[in-house]
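Let me begin by presenting the structure, written as structure tokens, before commenting on it.
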Amino acid sequence: MVLEVEPSGLRKTALHMRSRVSVQDSALRNGNFSLRIDPVRSEDAGLYEARVAYNTEVQSCQVELGVITVTLSPPSPVTENEPLLLSCNSSHRASLVETCWFHNGCLVPTSRTFCSLPGAISIFRPTMSDAGPWRCQLRYSDNEVISTTYDLQILGFDGPTNPVVYAAAGSAADLPCTLSYLPSAFGINVVTAHWSRLAGRNLQDWDISQNLSSRSFPLHLPVVWPGDAGQYHCAVSIGSKKITRDVTLAVITGAQVSSPPTIFSGQVTFGLTLTLFLLLTVCVLALAMQKKAWSPAFPALEGMFAVTVPWKKMEEKQKENMQQTEC
């Protein structure tokens with residue numbers, strides 16, 4: 001007997017299913033005697049019979065419950081790079097013909113990373129990208145197809161695989177080390193984090209205090225210089241397991257750039273000064289030649305650059321012609 005409901009409303013249930021089976025009162029009044037089992041276990045599989053007695057009549061029906069289960073080995077939580085095995089089993093009595101696995105809706109073929117076995121799949125080096133829904137599909141000799149979905153959780157690190165942190169010289173830097181899940185969600189209450197760095201022949205290390213309400217264990221460096229650049233190692237111990245991640249620190253340095261020389265600051269090269277002087281001299285001479293106004297201080301230049309301007313002669317000739325015409 002699994003569940004019995006008397007006319008008075010009194011209910012009797014089997015000890016091993018007491019907290020997992022139920023029927024709805026509103027459904028009973030409407031002739032619905034469906035049995036609800038939550039959660040279903042593999043031992044719940046089998047043939048169920050319901051008997052309903054009212055007045056002098058007795059009605060009965062039989063329902064077979066088939067159970068499909070997915071088990072994870074080793075038990076959760078599984079950490080990054082830790083080999084795991086997903087097994088899929090069903091209570092169906094026919095012979096198993098084919099097993100297919102789907103991850104995020106895509107069929108997973110056998111490869112160096114995934115090895116498909118009868119009713120199981122092995123992942124040699126799981127990464128964070130392997131987390132999420134895995135659907136197991138079983139096909140039997142009687143063409144019965146049964147499937148179920150398992151949500152795989154992998155305890156690792158958030159962010160890129162090899163993070164790089166950039167910091168300016170003389171500033172502070174925070175190196176990230178954040179877990180993908182809160183360890184306490186798996187019932188783990190012992191978590192420690194340790195940072196280390198090999199600087200030349202010396203090993204530097206830092207211990208991070210335990211904080212069960214956080215999944216982040218960053219390393220704070222108050223000030224960094226070029227000598228602090230390099231690879232830092234973060235190791236987090238979760239119960240009896242340990243996961244590690246390398247973080248690279250890149251320190252940015254800048255060189256002071258002097259402003260280009262300007263005329264106003266007096267920083268003018270000798271070549272530029274000479275060029276300006278020659279241009280100025282040419283301009284002065286050109287003006288002097290056009291106006292024939294030479295300074296008395298340069299008598300030698302007057303004879304050297306005495307040039308007769310053709311358009312002056314043309315004006316004088318035009319005046320003579322005009323005088324002749326008037327006479």
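In case you wondered, yes, glycine gets a Cβ from its N, Cα and C as well.
Automatic, uncurated: that is what TrEMBL annotation is.
Per TrEMBL, these features apply:
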| type | residues | note |
| --- | --- | --- |
| DOMAIN | 66-147 | domain 'Ig-like' |
| DOMAIN | 160-250 | domain 'Ig-like' |
| TRANSMEM | 268-288 | transmembrane segment |
Helix, strand and coil counts within the domain 'Ig-like' (160-250) (DSSP): 7 helix, 49 strand, 35 coil
Three-state composition of the domain 'Ig-like' (66-147), taking helix and strand from DSSP: 3 helix, 45 strand, 34 coil
Segment confidence, the domain 'Ig-like' (66-147), expressed as mean pLDDT: 91
